[in-house]
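**Student:** The structure follows.
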């Protein structure tokens, strides 16, 4: 952001230029320019913490490029665009649509088993394919994001989501299960173009004092989609024996989601823009100026895995998120075992878990913005996740659904609420590495553990019952809480931010005279970048 000085006057009616962003690099780069703290796929702009060279030297040795024509017009002008809220809300909506398609089969697992005549494990794979697809496609999609930008990735993600939804309409006969698998795989590829976007959108479009809120809204859409995926399918698709009537009800659900996905794809074409006219923050302005097209993914990954605190976080995040994925996928099966015929309430319990988790995520995000107690907050939330999981395990078979609603909601508040905390903490531990690479590795860990836990817990439930299956998850969540306690709170980005505080920014559309009068050069001191 730009430090304001009321005594600073512009000359010749033009905004003062930022010395740190001049082509001759007359000021050197300070490490205190922060990156956005949340989920994104943004692996290109990455600098070594040990580098103390002047930017002009870095440009020669590290491949740093000067601002290109694709950058905002004037990097010295720091403003936020009013369009930013439309962009993040639109992204949130098509992310919601994709997340709905992830859980729409698992939430009525027994009905689709009956319709297609397949095993529960086959239906589980309709959920797990989302996890499996993400792992090999992370780096290629990260490269595409850096090569072609936000708009192209948004168009590709929403287009694949729309295509997958319509392909599923060709699977309305019991023998056409492979067609519904194909449609789900297409949607799972779309998810790779969606899952890592929130913090990238936030950092490109939002000022430094808004990025956490913006990222929360973007993630909110994905969680809301899961919630709707628990609630709506049991209502639209009743558990009936007549195959023709069942196919009709399934078609209604597929047509609705296909129509919504198509509308959102059209809106992305019309509304979604690559970037605002001006950079919204000092950090984003600097990232444009120092963007390196030759950044090495491999060297960044090597540096990240040499960071013991980050490695521990990768493991603990994967254990927590993997447990959430397994519970979401197997929830219908667990509830039906104890409460036969309660498909609708099974979906409502899933809805309760996700809604409570969304609330937990918002509250923890606000708390982090104010307290910056990343280690303490993460550890407390993790411990409470373990407690919530234990209580849920002990109460699931009591025979009282209202008790399950309460215990599941309490567990979800902490388990789902933990997810954005992990990304925030990761960026703190790995600054100034790309937040996209660190968050991408967290996501890979979550998908790997999600597959392992879903398969393992499913087999345990089938052979031994729900309690041993949930105890299995409790053991690994306890391990995650213990490992979290060993993570050292090396808040590198916070240390940098304390050296260079940033002030609030103006929105585009305010009086130009006022914005110019308040704009001064921001000198960035020479430190390790």
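Numbers run from 1 along the shown chain.
Glycine is no exception: its Cβ is also placed from the backbone N, Cα and C atoms.
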**Student:** Scan 57-78, 211-232, 277-298 against TrEMBL and say which stretch is down as transmembrane segment.
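**Tutor:** Range annotated as transmembrane segment by TrEMBL: 211-232.
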**Student:** So which range, 125-145, 503-523, gets flagged transmembrane segment in TrEMBL?
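**Tutor:** Going through 125-145, 503-523 one by one, TrEMBL gives transmembrane segment for 125-145.
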**Student:** Give the range, chosen from 26-46, 467-487, that TrEMBL lists as transmembrane segment.
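**Tutor:** My reading of TrEMBL: the transmembrane segment range is 467-487.
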**Student:** Do at least three C-beta pairs under 8 angstroms join the transmembrane segment (441-461) to the transmembrane segment (467-487), pairs 6 or more apart in sequence?
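**Tutor:** Contact criterion met.
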**Student:** Give the one range among 85-105, 125-145, 175-199, 379-395, 401-421 whose Cβ atoms make the most pairs under 8 Å with those of the transmembrane segment (347-367).
**Tutor:** 401-421
**Student:** Would you kindly check 152-169, 175-199, 308-327, 467-487 and say which stretch has the most C-beta pairs under 8 angstroms to the transmembrane segment (125-145)?
**Tutor:** 175-199
**Student:** Going through 152-169, 252-272, 379-395 one by one, which has the most CB pairs that fall under 8 Å from the transmembrane segment (308-327)?
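**Tutor:** By Cβ pairs under 8 Å, 379-395 leads among 152-169, 252-272, 379-395.
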